[in-house]
Amino acid sequence: MNWHMIISGLIVVVLKVVGMTLFLLYFPQIFNKSNDGFTTTRSYGTVSQIFGSSSPSPNGFITTRSYGTVCPKDWEFYQARCFFLSTSESSWNESRDFCKGKGSTLAIVNTPEKLKFLQDITDAEKYFIGLIYHREEKRWRWINNSVFNGNVTNQNQNFNCATIGLTKTFDAASCDISYRRICEKNAK
């Protein structure tokens, strides 16, 4: 039997498999156009979510590429959710309607990890989120009606909406003043 022919054949097969793998990985980056308006986006997750380990990374996030899950163009991907950070400003009600028009809601920031992720990408701007004060109950609720158990700073009698961004906290704000907004929806 001619062993060098078999080894040469195996090397060719391995090179073809490696070449095909690289082609499939980088082809979407070369031709980033799509007919449905979706594109691959950055993905953030804890180390344990990505690698199955129990120890988080030092900053709590690790950047990966997500090829199986997509968000619309200009939306950010995090933990199977898509987030849109607007550059325009409007009142809380207009912001809620804007998000609804995009098939989403104002962001429900109900975990410390989600808050950190959003604060890391909001820069030095204030953004409305889906948190509103119910005077009759004297408590804050998310727009999905779940109870907010955290603290809101800068509370004032006329401040019934909440923002995040400038500080590392939830800040009460007037619902009538114009701020940017964060919309949230499921990734596809």
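For all residues, glycine too, the Cβ spot is worked out from N, Cα and C.
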According to the record in Swiss-Prot, which candidate from Cys161, Cys183 pairs with Cys175 in a disulphide?
Cys161
Greatest C-beta neighbour count within 10 angstroms, which of the glycosylation sites Asn93, Asn144, Asn151:
Asn93
At the level of the C-alpha atoms, what whole-angstrom distance separates Asn144 (N-linked glycosylation site) and Asn93 (N-linked glycosylation site)?
15
Just give the helix, strand and coil counts over the domain 'C-type lectin' (78-184), going by DSSP.
20 helix, 38 strand, 49 coil
How many whole Å apart are the CA atoms of Asn93 (N-linked glycosylation site) and Asn151 (N-linked glycosylation site)?
22
